[in-house]
Structures are given as structure tokens and as C-alpha cells.
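> So TrEMBL lists the following for this protein:
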BINDING   64  divalent metal cation 2 binding site
BINDING   108, 223, 227  divalent metal cation 1 binding site
């Protein structure tokens, strides 16, 4: 099977919706005309992930986020990016970004994988493509209880909370990744789960809500921790559909280190 044939297959379910936008889902390096020898899937194409993909014999790396630090990877902006490009070329790796299509699929593939891993009974509401998902918990929890649960289920070192920590709520907005609508979502739900957000503006809104008596909070999970299980689901499904092609999820790890 050619890389470009698999890409077309992966994009099929959301092709109509993604066709309406300028998509970032393109081949970032290598040749899509090559035959697939093995597939690696990860959140980010870090140097360690790229090397690991080569070591397991993969020549096709699928990632969720940019390779060269800007949304469309329209340029390689610095010397470290050029060094990474040299590494990719030396290993003969083809890298494809799979971002818009999984988010435009109904249900959102990334959200689907995250909810499977979080494992909290509730109801997922319908939403517009690429908008935050709404989730109603069956059993109310405090933001602190929810954060502890997320750390355990998703193997996240620390979940940060801005806002009220000790009042139970059940209406969640799943603004995974780096969503732009966190502040808006906070106005209509109890808790917003996100990967990263602006501390000086958005997080301060949550603190003000809490200090004015509202049960509202933002739980910041880290970008990778908030979407990783979605890409793990992508890898799992690829292996199910193509059992003859080796598929491996490669963990890139959280970007931050901690003192504890």
C-alpha cells in the first residue's frame, strides 16, 4: 500500500467538511508515493520520536501537531528546525499531520479516544465541527476530584486548576488541545478541560468567577495529555484495518519537566 493511498483512506470520513477550510493536514516531509513499510503514530514529531520510528522500521510517521512549530508548517523558522529536517531526510521518513480530519469526524476521533481513557460515565452532546465538545457527567464531581481522576487515568503528572476547586459540578466543556473558545465555554458550563490556555487572561477569568461565588473552573491538562489518547485510538484503528502493516504508537512525553 502506498502512503498516499492510506492518507486518502484516513481523510475519507471528514473530506467534505475539511474541504471547506484551509487544512493543515498535509505531508510535511518525505514522499507520499512510497510503499508503506511500517507506521508510527505520535502527538509530536520530536527528534526522539523520529529516531524511534526509524528504529522500528517505520517509514511513515503520523502526528497530530506541527513539525516545525507553526500551524501550517509553511516555513522552517530556525536552525533547530533545519537540523530536524536533516534528521528526517537521513532516515527517509515521510511525515503527515492528521489534525483537522479527526476533529471534523463525527464523533470527534480525538475526543472519542480521550473519553474512553478518562472513563467517566456521562452523555456527549452534539456539536459543530472543531468546536469544543460538551459532556454531562452522570455523577457530579469537584474540580479537584476531577483533576485527580484525570492525572490517574491519563498518566498526567500535574493538572492545574484555575477557579473553584471544592464545589461539585457535572457540565463539562472538552476544549482539548489549545482551544480558542475556553473563556466563552466557561460561561455556560461548570468546568472546562483544556490542554493549554492563556494564564493572564483566560485563567484569570476563572479565578474571578470563583471569587465572585460561581462554581466554575478551568482544568489545564497539558496539550499532550489532553489529546494523546485520541492519537492512540488512531493507531489502534489503523492496526485493526490493516493487520498486515506494523503500526506502533510512540510516546513523545510531556514537554515540561517538574521538580517533584
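Each Cβ is built from the backbone N, Cα and C atoms, and glycine gets one as well.
Map these features onto the structure and tell me what's around them.
Within the same chain, the residues at least 6 positions away from residue 64 (divalent metal cation 2 binding site) whose Cβ sits under 8 Å from its Cβ are 42, 43, 44, 97, 98, 99, 102, 110, 227, 230, 231, listed in sequence order.
Residue 108 (divalent metal cation 1 binding site) carries neither a helix nor a strand DSSP state and counts as coil.
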> Which three-state DSSP class does residue 64 (divalent metal cation 2 binding site) fall into?
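Going by the DSSP assignment, residue 64 (divalent metal cation 2 binding site) belongs to neither helix nor strand, so it counts as coil.
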> Which number gives the other C-beta atoms within 10 angstroms of the C-beta of residue 227 (divalent metal cation 1 binding site), all protein chains shown included?
25
> So how many other Cβ atoms are close to residue 108 (divalent metal cation 1 binding site), meaning within 10 Å of its Cβ?
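So the number of other Cβ atoms within 10 Å of residue 108 (divalent metal cation 1 binding site) is 24.
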> Sequence gap of 6 or more, Cβ distance under 8 Å: name the residues on the same chain that satisfy this around residue 223 (divalent metal cation 1 binding site), in order along the sequence.
43, 65, 177, 178, 195, 196, 255
> For residue 227 (divalent metal cation 1 binding site), what is the secondary structure state per DSSP, taken as helix, strand or coil?
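Reduced to three states, the DSSP call for residue 227 (divalent metal cation 1 binding site) is helix.
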